[in-house]
């Protein structure tokens, strides 16, 4: 795949010079849909789908819950194991965290590790936080993606 990308970049350079269009390593329909969602998201005044999951208004495949956070399987998994960890309090994005949120953030990371072990991710996994439009955040309720069950690639996007 890497050789193919280098070849494609070379071809675009020959055809377009320095003004060639952006070449993405991931060009799937799902990626562009997520980018579109992120570009249109951002209204933090309304309850999010995650708030509705916390309040049990919407069903989710919850795999962990305690008094401060919960974890559930992603409905569009991008890896054999893909779950989210969210705080029960509404924090729109990582940049919205305040002094005093350190304990909650640390607890969420600990839950990522704990659930990853329970799910058999003993060879490693990836934790992702999307922050803002350019970070491709489409739901403005802080959440950690945990992906594993296969060899992850680098760079991710």
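Just so it is clear, glycine is given a Cβ too, placed from its N, Cα and C backbone atoms.
Positions annotated as signal peptide by TrEMBL: 1-19.
Here TrEMBL flags 49-157 as domain 'HIT'. When the domain 'HIT' (49-157) is classified with DSSP, helix, strand and coil residues number 26 helix, 25 strand, 58 coil.
Remote same-chain residues near the motif 'Histidine triad motif' (141-145) are listed as 48-51, 74, 82-87, 90-94, 96-97, 108-109, 112, 126-130 (criterion: CB distance under 8 Å, separation of at least six residues from the stretch ends). Among the features that TrEMBL reports, motif 'Histidine triad motif' is placed at 141-145.
Per TrEMBL, active site, tele-AMP-histidine intermediate is recorded for 143. Within 10 Å of the C-beta of residue 143 (active site, tele-AMP-histidine intermediate) there are 24 other C-beta atoms, taking all protein chains into account.
Confidence for the domain 'HIT' (49-157), expressed as mean pLDDT, is 97.
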